[in-house]
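The following features are taken from TrEMBL:
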ACT_SITE  D199  active site, proton acceptor
BINDING   T197, I198, D199, K236, Y237, M244, G245, R246, E305, Y407, E408, G409, R410  substrate binding site
DOMAIN    67-430  domain 'Phosphofructokinase'
SITE      D170  site 'Important for catalytic activity and substrate specificity'
SITE      K196  site 'Important for catalytic activity'
Amino acid sequence: MYTFESLRLQYKPKIPNQLKHLLGLQAKPVYCPEKIPTELKTLFPKSYNFPLIEFEFTDVKKKFPLKVGVVFSGGPAPGGNNVLAGIFDAIKKFQPNSQLIGFLDGPDGLLKRKTRNIFQEDIAQIKNLGGFDFLSTGRGKIETIEQKEVALKIVEDLSLDGLIIIGGDDSNTNAAALAEFFLEKGCKTKVIGVPKTIDGDLKNQYIEISFGFDTASKTYAHTIGSLLKDALSQKKYYFFVKLMGRSASHIALECALATHPTYTLISEEIKEEKQNLRDVVVLLSDIICHRAKENKNYGLFLIPEGSIEFFNDVQTLIREINNYPKENLTQVIKNHLSKEAKTLFEDLPQEIQKQFLLERDPHGNVQVTKIETERLILELVQKELKKRKEEGSYQGSFSPQAIFLGYEGRSAMPSNFDANYCYALGLTAALLIKHGLTGYMAGITHLNEPVEAWTPIGLPLISMMGFENRQGKEKAVIKKALVDLKGAAFDLYKEWRLKWAYEDHFQFPPPIQFFGPHEFSDQLPLTLKLDAMKTNEYRYVM
């Protein structure tokens, strides 16, 4: 009897036309893709002027074996196994004696030389499946000189031609630094990054999307649709749903476009408009009161994970609390907070107050990701509605439920889009190593077109970098991509959101479709599709 998993293992990812002819491709330097800060030149003298790489066909077909190492870094994202499959198939095509070596448990496993050789039978058992459990992953870093020296010794002992780091912005920042270090030391190992994060915040005009975003968003959207159907069924619940995604609101926007909930907060807009927490509480309460007049005492609000750190007044409170050790905070609240910060703090539910005071990261800062933003907003809205009911301006009923959607999306079985995309990224990463390139991110462009038209590129990691303040110091890092408030996806949401707020336009996306008609099984992420359209086209999508 076939299991679903065994059927999924048989899926053959679609391959871009260019990548069907790996041996017949040669790297073509094009141009330096971005204006790179000159301050980076002193930190990355060897890789500062690297050009964008495209590929063109050639009659010269060189075959030689490669020995490549690969490591997962950071949280899981659907599709990682297909990156491994793409790398494996590519290097075996280059020469059957090529070897792929996996480092176990993330960057820490690399530093401890924890490895396993990867064979064809391994790939056959993991391709198209979710999770990073085959190699495991971790959040360790390779950033100090001592750590880089250890990594250098290990890749040289293993005689690696290439090291592929599959990770997000911080992991690829470390990849850029490691590539530069290896160049300085004359090491032959080439370092290539692959864009991985469900958060969708690792992208630019060349890296159109990070892998895993599509699968995670579709997973959450199906659950949100089920909650909307539940709200309609009993007509009594308001769901306050927090969505994973760190600082950016890409997942929230994608899910909003897929499900048309009552209202969706967008962190970037909150920051742009300098909104306070109170502003959002009043806004959501107004929507609830308006719907109550229509006898609609139900709905669903989407709340991005990182929204708490974008509220103007909350930023002030966090900044003031961070200035003091947590041992003395009772006295700090009483004697040292500004009037505005103290008023906000005292207005917070007691349980949330504790999260502000007790949850600190290793550097002593308030750990905003641990604050239950969905419950905070729920309780403040509940308090506001109670006040309005006492005043006689609100006559409805309010039964709220707080929900967090996050981890269930990180290791889901990848959608066909992610399965195809990740396999192509793996092929491209191996291709970059074959051509002796280092300090690059594997990329695929034209993702809004049929897979056959997708185009492989190599983007210099340094071109994605800028400076951010980390622990009081300016540090060169790959910049997080936030929601573009002038982009087509947000523009469309902004146009429709009040209609969705007052009427019921709920959509109910099915579970991810792996089989069946192309229109269902190969759907693109909506934000990717919209941002590729012209203004006069996207207005008719909804």
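In case you wondered, yes, glycine gets a Cβ from its N, Cα and C as well.
Remember, predicted model here, so these are calculated numbers, not experimental data.
What TrEMBL annotates, mapped onto the structure for a quick look.
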| residue | record | Cβ contacts under 8 Å, 6 or more apart |
| --- | --- | --- |
| D170 | site 'Important for catalytic activity and substrate specificity' | G74, K141, V477, I478 |
| K196 | site 'Important for catalytic activity' | F72, G74, A77, G79, G80, V83, I166, G167, G168, S171, L202, S210, F211, G212 |
| T197 | substrate binding site | G74, G75, A77, G167, G168, D169, S210, G212, F213 |
| D199 | active site, proton acceptor | G168, S210, F213, M244, G245, R246, A248, H250, I251 |
| Y237 | substrate binding site | D230, A231, Y298, S399, P400, Q401 |
| E305 | substrate binding site | K242, L243, M244, G245, R246, T369, T373, G406 |
| E408 | substrate binding site | T219, Y220, T223 |
| R410 | substrate binding site | G75, P76, A77, P78, I198, G212, A216, M244 |
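The record assigns T197, I198, D199, K236, Y237, M244, G245, R246, E305, Y407, E408, G409, R410 to the substrate site; their largest pairwise CA distance measures 36 Å. In this structure, E305 (substrate binding site) is part of a helix by DSSP.
In this model, the domain 'Phosphofructokinase' (67-430) carries an average pLDDT of 95.
Counting every protein chain shown, the number of other Cβ atoms lying within 10 Å of the Cβ of G245 (substrate binding site) is 31.
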